[in-house]
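Enquirer: Encoded as structure tokens, here's the structure I'll be asking about.
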Amino acid sequence: MLNSLELEGRPQDTRVVVAMSGGVDSSVTAALLKSEGYDVVGITLQLYDHGAATHRKGACCAGQDIHDARNVAERLGIPHYVLDYENRFRETVIENFADSYASGETPVPCIECNRLVKFRDLLATARELGAAALATGHYVASHRMAGGSRALLCAADADRDQSYFLFATTREQLDFLRFPLGDMTKPQTRELARSFGLSVADKHDSQDICFVPTGRYTDIISQLKPNAMVSGDIVDLDGHVIGHHDGIVHFTVGQRRGLGIASGAPLYVLSLDAANRRVVVGPREALKMHRIILRDVNWIGDGALDRAVGAGLELFVRVRSTRKPQPAWLRAIDGRYEIELVAGEEGVSPGQACVFYDGLEGQARVLGGGFIARAMARRANEIAAQNGTPAQPLAAELRG
């Protein structure tokens, strides 16, 4: 007989570790499991020096958050532990974040935190404590499939769906993880928090880049990678210098504001050339990319990745967390994986994730994904074939 977490055994005989950030979502997760009779243990990770962020709203795992998590644990009558992961977090997330920006990418630190800290080290700690599962307050769902393995699904609340940030979860991790809020909406979660009498029921939601107390990510980069703040040129697609900048870390692909260039038509950041400290700008139509080269691809769909891809796999991809999935093809070419975007996408930035889904609507299944290494416009001969005109060289076909 399976319990509500789709595990063998009665709830009272099943230990579950809950990752408690001090926010309403993880607090309700702990409260729900406790109310169902599970043996719940709360763990909070201290991820960075929170002195400067103690009074900042929306910072995950800052001093106030640890205090809130402890209060919730006391309210629920569950054991609670705070683990110092500052060094691990700095080495695997913060330093990688700075390196990525310095190389001209736009990173997603929450993915790295989930992949390298929460779902690796914390999961290992949960096993050491004898837990049968690690539960989090993420808005995603996971369901047991016929063969016993688990599928990762989008949240029922599309506005809160966090599947983009969890694409790098491995199959082994997915089998151990549980997401009790996946079929709920945020208002329902807050209402449950009130019904449980939790002090965090109306607490502000946490924000990305939790380790930037001032809200200025360039402060972190200037400390760790001062060379990334070196000035350089802003150039057009033909390489003509049309302006100057104070460091490529101030820019991201698709950016329009803050260029400091007088132009008759709007200009957008098309790519960042870190080696030459150049920011390439151009018209909006030059932003549309149709091909993406991926790195560090993770596959959690059925079977082996190469067999699933075959000559080409039709799926849907999301290239930014705020965008809806779009139709695409995944192909294996010359020992690497590439995405062909059927309709093209603007502002495809190296360093962001490209996440695979099996559908557009509802609780689509997450099939995996990879990080964007490069994005390209269609080849000149493809455009010529579409327009019925002779092929012409494409200026700056390669972005990133």
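Using N, Cα and C of the backbone, Cβ positions are placed for all residues, glycine too.
Features from Swiss-Prot:
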- C210: active site, cysteine persulfide intermediate (ACT_SITE)
- A19, M20, S21, G22, G23, V24, D25, S26, L45, G137: ATP binding site (BINDING)
- C113-C210: disulfide bond (DISULFID)
- H138: site 'Interaction with tRNA' (SITE)
- Q352: site 'Interaction with tRNA' (SITE)
Enquirer: How big is the Cα-to-Cα gap, in Å, between G23 (ATP binding site) and C113 (disulfide bond)?
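Expert: A Cα-Cα distance of 17 Å.
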Enquirer: Among C113, H138, Q352, these being the recorded positions, pick the one whose CA is nearest to that of A19 (ATP binding site).
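Expert: The answer is H138.
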Enquirer: Spatially, and counting Cα to Cα, which of the recorded positions is closest to D25 (ATP binding site)? Options: C113, H138, Q352.
Expert: H138
Enquirer: What same-chain residues, at least 6 away in sequence, bring their CB to under 8 Å of the CB of Q352 (site 'Interaction with tRNA')?
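Expert: Listed in sequence order: E105, T106, P107, V108, V319, R320, F371, I372.
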Enquirer: Taking the residues A19, M20, S21, G22, G23, V24, D25, S26, L45, G137, which the record names as binding ATP, find the longest CA to CA distance and state it in Å to the nearest whole number.
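Expert: Value for the max Cα separation, rounded to a whole number: 16 Å.
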Enquirer: Select the closest residue to H138 (site 'Interaction with tRNA') from the following recorded positions, measuring between CA atoms: S21, L45, C113, C210.
Expert: S21
